[in-house]
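J.: Annotated S-adenosyl-L-methionine binding site per TrEMBL: Ser127, Gly128, Ala129, Leu130, Glu148, Asp178, Asp196, in sequence order. TrEMBL lists 1-10 with the feature compositional bias 'Gly residues'. Taken from TrEMBL, the feature region 'Disordered' covers 1-22, 286-316.
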Amino acid sequence: MTQETGGGTEPGTEDWSGVHRGPLRPGEWVRLIDSKGRKHNFCLEAGKRFFSNKGHLEHDELLGREEGFTVKSSGGGEYLVFRPLLSEFVISMPRGAAVVYPKDSAQIIAMADVFPGAHVVEAGVGSGALTCSLLRAVGPTGRVSSFERREEFADVARRNVIQFFGGDHPAWSLRVGDLAEELPRSGERADRIILDMLAPWECLEAAADALRPGGIVCAYVATTTQLSRFVETVRLHGGFTEPAAWESLVRDWHVEGLAVRPGHAMIGHTAFLVTARRMAPGERTLLKKRRPAPGAYGPDYQGPRPPGVPVEDPES
Ligand SMILES: C[S@@+](CC[C@H](N)C(=O)[O-])C[C@H]1O[C@@H](n2cnc3c(N)ncnc32)[C@H](O)[C@@H]1O
């Protein structure tokens, strides 16, 4: 249901997009950007002051106005005022654990094919950054079941998700515990399972049991050793298609008159992504026709060994 305001049609919390329209209200976050591009994010409270290196501003000067305006602080600093977008909120919100960056959340939503109405299981919830994107993608008719083994991170995530959506999202549940133990106990079935944790291979069996045929498991891992171990564990399991592995690199561009060039700064590395699809019960995927590259599974290789791949003889 929607409500009309002076500024247009305002989504009520029942839309659960996390987008608010109309005049700025107490309890909402705003993002101030100065002329050098420095960002300041804070929660609006009647009677409070925001301080910067250019004096202060009264929150009351912002409250009740439509976002998208400029204000001046007591020391002459000028600021643009907007509500933060989801991609801005997640990198400025309080953190327990490291968050999934927006460029990777976008990849996860697209490549793990997260759709309105989907039932998604995710672990660990960390600070709740990916949770916000998942909830927005599945919408109020879907379900996001999050698992987190550390109570203190679960608390941070709960606060962030409630802050972003303006209340308890009806599609969200959060359980404290290890996914490998709690997911089988919950009896949940899922269309998509997203693993963002140190050792996702430890949760593969539980994920495989909970995934519907055709469902997708997606892991987000920071290092090549984790990437290798997860991919080989998926192959060894046999109940998934050949895993796809990739990373995404995003480069800003400076565009000014004839000076059009890549920006100097870039996020060099965040993490690698892996996806694979669940086969139907009892079905195995096709074995690769190509032989592994020479030495790929040689005597130095210590990880899980795909079916049918013998240890190579170093002398041959
Ligand atoms: C990098 S953080 C997740 C960040 C989160 N995706 C975000 O965007 O804010 C990894 C989290 O996984 C949790 N974790 C690790 N192994 C887990 C497991 N087996 N079950 C549940 N949570 C786990 C850790 O406690 C940690 O909070």
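Backbone N, Cα and C atoms are what each Cβ position is placed from, and that goes for glycine too.
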J.: When a 10 Å sphere is centred on the Cβ of Ser127 (S-adenosyl-L-methionine binding site), how many other Cβ atoms does it contain?
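T.: The answer is 24.
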J.: Of all the Cα pairs drawn from Ser127, Gly128, Ala129, Leu130, Glu148, Asp178, Asp196, the residues the record ties to S-adenosyl-L-methionine, which distance is largest, in Å?
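T.: Largest pairwise Cα separation, rounded: 19 Å.
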J.: Using DSSP, how many residues of the region 'Disordered' (286-316) fall into helix, strand and coil, respectively?
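T.: Counts, helix then strand then coil: 0 helix, 0 strand, 31 coil.
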J.: According to DSSP, does Glu148 (S-adenosyl-L-methionine binding site) fall in a helix, a strand, or coil?
T.: strand
J.: Any same-chain residues 6+ apart from Leu130 (S-adenosyl-L-methionine binding site) with CB under 8 Å of its CB? Would you list them in sequence order, or say none?
T.: Val99, Val100, Ser105, Ile108, Glu122, Ile194, Asp196, Tyr220
J.: So for Gly128 (S-adenosyl-L-methionine binding site), how many other CB atoms are inside 10 Å of its CB?
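T.: For Gly128 (S-adenosyl-L-methionine binding site), the count of other Cβ atoms within 10 Å is 32.
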